[in-house]
Amino acid sequence: MTQQIGVIGLAVMGKNLAWNIESRGYSVSVFNRSSEKTDLMVEESKGKNIHPTYSLEEFVNSLEKPRKILLMVQAGKATDATIDSLLPLLDDGDILIDGGNTNYQDTIRRNKALAQSAINFIGMGVSGGEIGALTGPSLMPGGQEEAYNKVADILDAIAAKAKDGASCVTYIGPNGAGHYVKMVHNGIEYADMQLIAESYAMMKELLGMSHEDIAQTFKDWNAGELESYLIEITGDIFMKLDENKEALVEKILDTAGQKGTGKWTSINALELGIPLTIITESVFARFISSIKEERVNASKELNGPKASFDGDKKDFLEKIRKALYMSKICSYAQGFAQMRKASEDNEWNLKLGDLAMIWREGCIIRAQFLQKIKDAYDNNPGLQNLLLDPYFKNIVTEYQDALRDVVATGVQNGVPTPGFSSSINYYDSYRAADLPANLIQAQRDYFGAHTYERKDKEGVFHTQWIEE
């Protein structure tokens, strides 16, 4: 008897996705390069419709045609090696789905190469971590649409469900579109986390709040317009005590790790010419956090103001909340502008409002305000920037004074706020009809004869700036 779908790679994500698929009524074949993980899967899957295999040949032959194979192996060379091993065993029309944390450019390359072998290829972003993989992730599949249609029922079944019952999956677009959108999703996630961390720093360093008060603040915020998974778990984190009944978070070394997708997002923005300042500052913030020894030494050598606050703490806490929400809006505005430009350049025809909808559940950046993004693009499909949507425009108009005050207070007290600072600078730059770039153009023309355009007449000009 043949199985309906196969999963290669039985680390935690592959294993949990296989169980998720099986729980929706599908029969699943599994294979792992090391047989020990396959044996463990068998032991843990008693009573489930999971079919173990111990060679690629056995695995491929166990699947109904056209074969549907989900690859959950390490991104990069391991994925290429697995595909190369599979190719001689596959038939025309079989479907490979790469659910790994893959660079979208690799997906474009693989899509093109496999098309020549008549193999359908889907690059699919998977968000939600190991729990999401088991209970329902947000899925971002890209590739041939006809191939997607053949696996749509399975993906729809295993995806997270929003409160209105809609599955958090949709066809994203051709070739690398799915993994590209997942990359930007991860970049936005970096910014969300950095902005929340800066809010915590202000509460702790400036307002002197206890971990209990910080936890309660995030729980209160999660009941309003900031409602989101990351705000929710932040409240939980501050309630967790260690073996000494002290806040565990305060014992964690302040060096933030990363897997590189935030960096990919920033590099791509540079290539596109898109200002992705908030996400990029969030990547840099992780870099500077990683040089702990240098920072400790610098703290003994470099002086600055000592944080102190003698104002109304309740009032300032509300300003932090507003600063966080406005900065979040600016960050998403940048991320969606990046996806809009990439869609145009690659002819992906991304439906930006639909992307917001599939992030409502299952993924790390799930948040209440994603519905507002969907509404914005429904009202104006050609919207250039989320800040120009009436809802978001009203919010940033009302909240900008709070953000300015938070940034200024942070600077005056030596509390770093790279994300908040980048947000207000982006907002002010974006709304500026005139920027001092005219001087930069004059300088470029002065030393390099790069020429310039003028406001008052047509043409391209060069000036001899000093007389010989």
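Cβ coordinates are placed from backbone N, Cα and C, and glycine is handled just like the others.
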Same NADP(+) site per Swiss-Prot - residue from ASN101, ASN111, ASN120 joining GLY9, LEU10, ALA11, VAL12, MET13, GLY14, ASN32, ARG33, SER34, VAL73, GLN74, ALA75: ASN101
DSSP-derived class (H/G/I helix, E/B strand, else coil) of ASN32 (NADP(+) binding site): coil
Neighbour tally for HIS185 (substrate binding site), based on other Cβ positions within 10 Å of its Cβ: 23
Secondary-structure category, per DSSP, in which ARG286 (substrate binding site) falls: helix
Cα separation, ALA11 (NADP(+) binding site) to HIS450 (substrate binding site) (Å, whole number): 54
Largest inter-residue Cα distance among GLY9, LEU10, ALA11, VAL12, MET13, GLY14, ASN32, ARG33, SER34, VAL73, GLN74, ALA75, ASN101 [record-listed NADP(+) binders, Å]: 21
Of ASN32, GLN74, ASN101 (the binding-site residues), the residue whose Cβ has the fewest other Cβ atoms within 10 Å: GLN74
GLU189 (active site, proton donor): secondary structure state under DSSP, collapsed to three categories: helix
Reduced DSSP assignment, ALA11 (NADP(+) binding site): coil
